[in-house]
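Quick look at what Swiss-Prot annotates:
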type: BINDING; residues: ASN8, GLU383; note: Mg(2+) binding site
type: BINDING; residues: LYS15, HIS206, ILE207, GLY208, ASN209, GLY210, ASP283, MET284, ARG285, GLY331, MET332, GLY333, GLU334, ASN335; note: ATP binding site
type: BINDING; residues: ARG89; note: substrate binding site
type: ACT_SITE; residues: ASP146; note: active site, proton donor/acceptor
type: SITE; residues: HIS178; note: site 'Transition state stabilizer'
type: SITE; residues: ARG239; note: site 'Transition state stabilizer'
Amino acid sequence: MSKTIAINAGSSSLKWQLYQMPEEEVLAQGIIERIGLKDSISTVKYDGKKEEQILDIHDHTEAVKILLNDLIHFGIIAAYGEITGVGHRVVAGGELFKESVVVNDKVLEQIEELSVLAPLHNPGAAAGIRAFRDILPDITSVCVFDTSFHTSMAKHTYLYPIPQKYYTDYKVRKYGAHGTSHKYVAQEAAKMLGRPLEELKLITAHIGNGVSITANYHGKSVDTSMGFTPLAGPMMGTRSGDIDPAIIPYLIEQDPELKDAADVVNMLNKKSGLSGVSGISSDMRDIEAGLQEDNPDAVLAYNIFIDRIKKCIGQYFAVLNGADALVFTAGMGENAPLMRQDVIGGLSWFGMDIDPEKNVFGYRGDISTPESKVKVLVISTDEELCIARDVERLKNTK
């Protein structure tokens, strides 16, 4: 038996889950927020208890020390030596990493170099990896890449219709993201349907603050909505999703607050989407409250959101030449029945029909009617478990 920590580190946060492996039992989980800011918050959940501390945590190394000390302090482990592996979620692996890998100095350097593809994510992941390697140098660290699952896309799918020199010289192409989530829910969908994954055509919709849709053919990603960066695709919580690229120079010319392309991209990443259009929030619960109040901006934001998701799902029916099931996952995908209802309502031509009661009352599993030609599934994603499994598989290979 061994204990494995799955880590999802952001620029100012560190989310974690401790597993007993190979039993896949969750022993504890938590998050450290506001790293590098005043009044950082460390939350630990274990044995039905919740412990919260407000501290000043200056960097990721300090955050990791606090996490490990908390595990001992709360009696979750007796010593650091009980931990036999650490797995790290890394958003961008580019073309370098087609599967999960054991971390070494070269791998860490390459992850930092790939930050250009995920500037909001890779630097935080690298900081988390470095912190664990400094504090637990003898423990195997494994990187699990969001992009790895999408390396099965064909060249005509991942290349953009621009001169090929930009791919050859600068590796500009579609990489995708959320691959670990899409892989996991596809595997779970096959179990739920009682059919081999290798026989299924699935559309998986990861709808959280970030949104990505993937076309899965016989267990492999053949297309996905996120692109060169996670900014592409349908509308998201704070991200615009796809826009006409000519808007970028136009806004620089017109708006004195936007001085260069970086300013515009920052606006598209952090101040757009549901939040930017509604002026209320990036949280679908707040948007739905606005719908109840007939707030016109909330209504507009919601309608754009539904429209963009329907269009993306529809195009993947064409890519796959039909589908056996549509899978909803992640925060909104799992917990926003109105959103699911309105998305499916616009796709009824494809033969989808959902059971209203199962949809509304938080049912996990098949929410479609018996007559539905395409099954509609709600599956809770578990990226942390996928990470822990890869650590278990790779920890003796370094």
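Any Cβ shown, glycine's included, is placed from N, Cα and C.
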Pick from ASP146, ASP283, GLU334: which of these recorded positions has the biggest number of other Cβ atoms within 10 Å of its Cβ?
ASP146
Helix, strand or coil at ASN209 (ATP binding site) [DSSP, three-state]:
coil
Just checking the recorded positions HIS178, ILE207, ASN209, ARG239, MET332, GLU334: which sit within 10 A of ASN8 (Mg(2+) binding site), CA to CA?
none
Which same-chain residues, if any, lie at least 6 apart from LYS15 (ATP binding site) yet have Cβ under 8 Å of it:
ILE7, ASN8, ALA9, GLY30, ILE31
About how far apart, in whole Å, are the alpha carbons (Cα) of ARG285 (ATP binding site) and GLU383 (Mg(2+) binding site)?
23
Measuring Cα to Cα across LYS15, HIS206, ILE207, GLY208, ASN209, GLY210, ASP283, MET284, ARG285, GLY331, MET332, GLY333, GLU334, ASN335, which the record gives as the ATP binders, how far apart are the two most distant ones in Å?
23
Integer Cα-Cα distance in angstrom, GLU383 (Mg(2+) binding site) to ASP146 (active site, proton donor/acceptor):
10
Rank aside, I only need the closest one: which of the recorded positions ARG89, HIS178, ASN209, MET332, GLU334 has its C-alpha nearest to that of ASP146 (active site, proton donor/acceptor)?
HIS178
Measuring Cα to Cα, how far is ASP283 (ATP binding site) from ARG239 (site 'Transition state stabilizer') in Å?
12
Among ASN8, ASN209, the one of these binding-site residues whose Cβ has the fewest neighbouring Cβ atoms within 10 Å:
ASN209
